[in-house]
Each structure stands twice: as C-alpha cells, then as structure tokens.
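*Asks:* Sharing a structure below in structure tokens format, with a few things to ask.
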Amino acid sequence: MEVLLIPRFIKSILILLSLWFLCSTANDSASSNSSSLKPKVINIGAFFTLNSVIGQAAKPAIQAAIDDVNTNPNILNGNQLKLIVRDTNCSGFFGTIEALQLMESHIVVAIGPQSSGIAHVISHVVNELHVPLLSFGATDPTLSSMQYPYFLRTTHSDYFQMYAIADIVEYYGWREVIAIFVDDDYGRSGISVLGDSLVKKRAKVSYKAAFSPGDSESKITDLLVEVNLMESRVYVVHVNPDTGVNIFSVAKSLNMMADGYVWIVTDWLPSYLDSMGPVDSNTMNLLQGVLTLRHYTPDTDLKKSFMSKWKGSAGSAGFNSYALYAYDSVWLAAHALEIFLNEGGNISFSYDPNLHDTNGSMLHLASLPVFNGGEQLRQTLLRMNFTGLSGQIEFNPDKHLVHPAYDILNVVGTGTRRIGYWSNYSHLSIVPPEKLYSKPPNTSTGSQHLYSVIWPGDTTTTPRGWVFPNNGQPLRIAVPNRVGYKEFASKDKSPQGVRGFCIDVFEAAISLLPYAVPHTYMLFGDGKRNPSYDDIVYKVSQNVYDAAVGDITIVTNRTKIVDFTQPYMESGLVVVVPVKEAKSNPWAFLKPFTREMWFVTAAFFLFVGAVVWILEHRINHEFRGPPRQQLITICWFSFSTMFFSHRENTMSTLGRLVLIIWLFVVLIINSSYTASLTSILTVQQLTSGIQGIDSLISGTEPIGIQDGSFALNYLVDELNIAQSRIVKLKNPEAYLRALELGPKKGGVAAIVDELPYIELFLSTTNCLYKIVGPEFTKSGWGFALQRDSPLAVDMSTAILQLSENGDLQKIHNKWLTHSECSSQVNQVEENKLSLNSFWGLFLICGIACVLALTIFFYKVFAQYRRFNPEDEESEVEAIEPSRSSRRSIRSTSFKQIIDFVDKKEAEIKEMLKRKNSKENKQQNNQSFSDGQTSSPS
C-alpha cells in the first residue's frame, strides 16, 4: 500500500538534507568508539503515516502487540519493549527525516514504513546501520531484491497479487487490460509485474494510464475519458486507499460502471472499506460489480480473540488486514530478540568512523549509531517460524512470506461477497487455501474455479472485455484487388465495393456476432496484377489495416506477425498437367497385368492341371489314355478352368478340393483383369512424364504459378527449385495459354497452385488438364487480424457455426460449384496389377496342391509296400551283387513303381485282394504241415 510519491533521483539528496536536522539532538559522547547497553528496556521503532487508512489500523495493532509482549512473562526473559513512533505525514521528505531521527534512538528493529518510496531510501540507511526493517505495508516487489538485505516484508508482495489478477484475466478469457495506477515506486513496480504475468497467459497490458498522487479530479476525468475511447474494457486499478475512490466517482459520472465494463481492484479497496466500518450507500453505489482482492488470513482462534478485543475497544472502525500484519511484525521482532539474547547476542552500538563531519559541517553524522548485533538478528529473523494472526510467519529463500493467498471479492449491494480464493499453491479455487496445502498442487486449467459474479450493470453475464474503439472509426478491412479468379474476391460497383466468396463468408460470420462490427472495405492492389499477399498481411501487422479478408493462405511466416481466424476453406498446393485420350493399342489386352503376373498365372494353370491329372488318373477314365492324349487333357483342363468350361469331372476328394480352391483364384483374377482392362481402355492418359511434385523437382521444365501466391517462396525456399524455372501467370486464361504452348514453345510443363483455384480452373477446361499426385502441402484460408485481436476468437467461433449449420457450404455452392471432371489421372503403369496383389491367393492354392500330392503319394506308397511281385525276391537272390546288377534292380524297381502308379485303382485293389487270399492259403497249409510233423506216428 502506498500513500506518497518518492522519485528515485532525489533519494540521495533527501538523505543528506534530513541528516542536517540531526544536529540539535547530537550526543556529546559521539566521539567514543562504542557504547554497550545491557538494558532491561529494548527500543524498537515504528514510522508510518498515522492519519491514513493503513496507519489508523496499524497504530493500535502495534501498541496492542507491545502490550501483549510486555505482559507475557514467557518471552524476552523479563526485558521490556519500548515503542518509539514517528509520523511520516504523507510526505517523502519529512518521512525520511523522521525515519533518520528514529534511527538515532538506538533502536534494534524498525517497523514500517507503509510507503515503498520511503522504504527504498531508508533501506540504504539500515544497510549501513545494521538495523532490520520490518515493513507491514511497503508492497513494491523490487524491495525484495538482494540490494536491500536488511529489508524484510511482513506482508505479501504485490508480485503475488499481480499474478492473481493475471489468473483472473485468463479465467474469464480476456486478452487485454488497461492499467490505471499511481505513478510512484509502488504503482510502477506493481504494473510492471502485472505486464510480465499477463504475457505468460498470452494477454497484455494494452495501455498504462498513470497519474500523480496529487492530481485533481479534472485530470483524472481526462485520463478516464482517454481510456474509455480504447478497445479494452477491462481495467486494473492499482492506487492508494486514501484517494482511490475518487476514480470510481469519476467513472460513474462517465457511465463507465455500466454493462460491459470490468473493474479489477488491488487490495487497497478492501482495506479502505474494512477500515471505514459501515460504508455509506453513496460510496457503495460507486463500486457495484467491482472485483477486488484482499489478503487472505485464516480464521484461527488467535485471530478471533484479537478481533473480539478490537471490537470491544474501538468497534470495527479502522480495522483492516494490515493491522494483523503490523501486530505480527512486533511479535516477529520479539521472538527473534529472545532467540538473539539466548544465543549470547549483545545489544550494543558503535559509531562508524566513516560518518564524521568535515569542514565545519553541522549535520552531526557521527550521531547515527550502528547496531553491532544487527547481522546476527537479521539472520535470526529470516529463520523464524511461528503462527501469528495473519497465518504462518516464515520466510522463503527470496525473503517472501510463505503461502501467499488472497480472497477474491465481488462488491454487491452494501458489502462484498467472496467468490473464491487465490493462492500461490493452487491458484483459483473455491476451497480455502489451508485445505489445499495437504494435497498435491494442481494449477491446471480444469481445476480453476470461482463462484458467479455480479458485474457492473447488475448482470451475471461475463463481459466480453472489449469493444470497438469509441472514436468513430470503423474497422479498415483490406481486400486483394484480384486480376484472376474473381469469384473469390473482386471489386464491385455496389455500395459495399467488393464481392465474392470470401466476402460473403466474412459478412455471414460478422452477422452471427452478438454485437455490431462497423467496417469498411479497402481494395489493396492496382487491379493490373494480383497483389502480394505477404504485403497485405504486413500492412495489417503495421496497423495500416485492422484486418484482411480474402483468399489469404495461413502460412508460418504470416502467423508470426498477425492472428488468423479458424480456416473457412481447406487448401493445399497441387500439380496440374495436360491430358489427352489414349491412342488405340493392339496389345492393350496385355496391360492389366505385369510381366511377372502373366508368367506366374500361366505357370499355375499348368501346375494345377498336372496336379489334378495326377490325383484323377488312377480312378477317372477321362484322365487316362495314350500319353499324347493325356498331355492334351492336362493342357485343355488347365486353361478351360479360366472360363469354368472344363468338361472333365473330378472324382477324387483331393482333386475336388484342389479344383475348388483354384476356381476361386481364377474368379478373382478374371474379375480384376476385366476391371483393369476397362479402366485402361476408357481413361485419359498423360501427355508427359510428370507424375507429381517429385517429377518437377528432378526435372528442368518451366513451372507456372499464380502471381502473388505464396507458392513462389515455397518452391524456391523449401523445395530448392531454381527461380529461373518459375513463370508467374496472372489469370486462368494465362494458365491455358502456357499449358497449350508447352515448355518447348515458351509455355510451361505444369502449373503449381492451390487446390481451390485449380478446381475452378479445371471446371472450365473440358477436362483437358488434370491434377497429378496428391496435395503436397496442407493449409487453409483464413481472415487476418492484428496480433492479439479479441475479434479473432469470436470470428473463429462464428466460422465454425457457419460450417455446422450448412451456411458455409451454401455460400460455396453459390460461387464455386461448376461442372467437374475427375481430378486425378489414372495412369497406366500405376493401374497394372502386379504379383504383390495376388501372391496370397497363389500361396493358398500352392499349399493346397502340395498337401493333396503328399496325401496321394503317401497312400500310393502304402499300397506299393503291400503289393510285391512273386518272383521279385527270388530274382534278387539269384543275381550276384555288382554295380551293374544294382543299377538293373533299381531300374526295374522304378519301372515297376511307375507301372504300379499307372494302374487303375480298381486293378490295384483286385491284385491286393488276390495276394492276400494267396498268403492266407499258404499260411493255412503251413500250419497243417507243422501239425502232422509234431503228432506221434
């Protein structure tokens, strides 16, 4: 909290001037090097503005704390605290003098000041005199720097308050605020931290409205009139409590407390309202709907007891949260002094020989004592940890009190209502901070909650936070003055001045916004060639235009300087080449399959035919006969299955299994061949070898692009295509001429442009040109707005709504629907069916054939082992073993196997039956003979 202005550049002068006043109180013993005190009374000082909102609360609180310490026998070992109070009188100059006079009184701790300006000056003094300075009211964040080791803040720094405001701004979705602040150390430093905290939330302070503490009401009026003409309607007020209400009096007279405005006030306002007791209704009427922050202090029994004593002695008047921090400052000093004395500390003072008077000076600088135990006491203060009225009193390594927290209040009716809390632990919450400390910290967006707010104008609808500047100027909308593709945006003779698809989309989106958007269209370009879209976007970023509407592609380098809305048209770069009807080819019937596919298919026809012949030969007379006839049967049967016209019937189970699988394979191959051949005979074919962007990159032919398009930078910078190959074309007619001429006659081999343009171009060319390859970039068209423009979010929402309700498609059909051709070219080589598409079918068929043959030959081998010619064994024994005889045996055996396999199944079964009968008969005779031999003769 601040009540005065201390310009930094006169601080050193103030110190020298104030020292002059010390001459009247100089001690004659100043020449001694030191003085040692073993007091029963310990002097502590306090200096602040007694007749101020903070001072009126701090004085009785400090005195109450002194009384409580002195009456408590358990602290300070019988020593008493003596309070010496100085009034700074709302003046930086006299406040500094009072502080210096206080330092002369051999104090060991100074409590105060409430002014950040005085605190900056006195912090230099206490650094030299080694007197700890405990400030309950100086909230300037810069005072916590290492430059001021003896400055200890016993309240919370504005650093945390500003981050709390930034969280509130983010919670409600605002992106800009206007800071209204007092132009002193307190105000400037606080708003500086606010700016830093908002940047982290992707928001900003759009304007800093500063005024001097003593400015008249007319100057404040001029200031508020100026900010009221601006775009933002979110105001953060960071002033002192003694004059801050005047701002709202002026704002009320300017109708700035009405619907649509947001006022966020720092903790000076609750301090003012709390200290006033019952506030008159006129003052409360000025503050309706305001959001404000108050230091959060837990409702402990200790606090309740103190509040009860306060009300009993002085009522509720004068009390605010700074009274609690002032009270705790005294107890912090008392606890630290007790430890200091118990650890052997000695309260003694000495005089710095560097502080002496020369050349007849009357300042008596030598009268300022240096506290010898100051450094030890400072270290003791930093490690203190106890519970006071305001909560836990403990310092972190940055000399901040732990657990900073604030109540978030909404001024309603005759008082305030709490809508939530902010803490450095979990940020916005509706749960008291002390209940969250036992849980893991959670600062995610989904965990942030506040109760509902009644805003200025007595509304519960969250204000948008911005309006169009109230300076009579409509939005300046830049529109590209195109030469070609005027369906998207072009000049018009209507009052609006422009027309086209992009214009209709923008107007439709504007009509969905819940507020009016005055705007005027301004053509960009001379109409003789397409303008540079990068230049349009740059003009928007430089505030020459407020927005740009047209076929503007969202690319990376543009998003760095402006904001874009949600894309309303998908886009991407494609390649267009000429096409023509394919010439007739007598060998076209071979094109559906690749060479490998033809060979494998033919081989499988013969293989399956042979397998079926083997499986059917022994049981099916249609597969028997002379060798020549059987060879013809195999070939005929194989290829007749292609048309499902084979006349031979299969009789074996294995043969039928193989045939069923093969017929399925043939069905798939026939269907695929028919479809591919139909496509090849009817589709248009390319006249060049360009098959997509890769072909263009590797080639040397000229490439056409649209004049003004981002395609130039993309092809040259990203794809490293030589700029000498790029030909700029103005309109679709230029596209046609360049493609008709071709690269050999001064034209181009292909056109590279965005898909929406190409679709419109192809619809008017009788399908003479086609897109080859896929889109090689993915982007979209959007409306360009100035950086951090709040209109971007609302416009994006409106575009999504247009898309969902079908209006966007209707606008598209109105301007861009024409007769269409197939956009992609069916290329012959790409349409050929390869073995990769069918190897699975061939694998299944091959496995089935091998499995069937394995079962067949196993069965035949088993039969052959049972069948053995009668003379085979005797012949083998009669012939002497030799190499030639072994060859004869193997040759005879192989011939016998072939003859055995060639026999009909019925003959084999009959032969096996006769052999079994003969063997049974021989066994019976042998048994009879053996019986006769063994019987008695």
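Glycine is no exception: its Cβ is also placed from the backbone N, Cα and C atoms.
Heads up, TrEMBL stuff is auto-annotated, nobody curated it.
Okay, these came from TrEMBL:
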type     : residues      : note
COMPBIAS : 912-921       : compositional bias 'Basic and acidic residues'
DISULFID : Cys767-Cys821 : disulfide bond
DOMAIN   : 476-818       : domain 'Ionotropic glutamate receptor C-terminal'
REGION   : 912-937       : region 'Disordered'
SIGNAL   : 1-25          : signal peptide
TRANSMEM : 597-615       : transmembrane segment
TRANSMEM : 654-673       : transmembrane segment
TRANSMEM : 838-858       : transmembrane segment
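Have a look at these and tell me how they're positioned relative to everything else.
*Replies:* Taking the Cβ of Cys767 (disulfide bond) as centre and 10 Å as the limit, one finds 14 other Cβ atoms among all the protein chains shown.
Confidence for the domain 'Ionotropic glutamate receptor C-terminal' (476-818), expressed as mean pLDDT, is 86.
Within the same chain, residues 590, 623, 630, 633-635, 637-639, 641-642, 650, 652, 654-655, 658-659, 662, 665, 669, 833-835, 838, 842, 845-846, 849, 852-853, 856 sit at least 6 positions outside the transmembrane segment (597-615) and bring their C-beta atoms closer than 8 Å to a C-beta of that stretch.
Long-range contacts of the transmembrane segment (654-673) within its own chain (CB-CB distance under 8 A, at least 6 residues past either end) are made by residues 592-593, 601, 604, 608, 611-612, 615-616, 620, 641-642, 644, 833, 837-838, 841-842, 844-845, 848-849, 852, 855-856.
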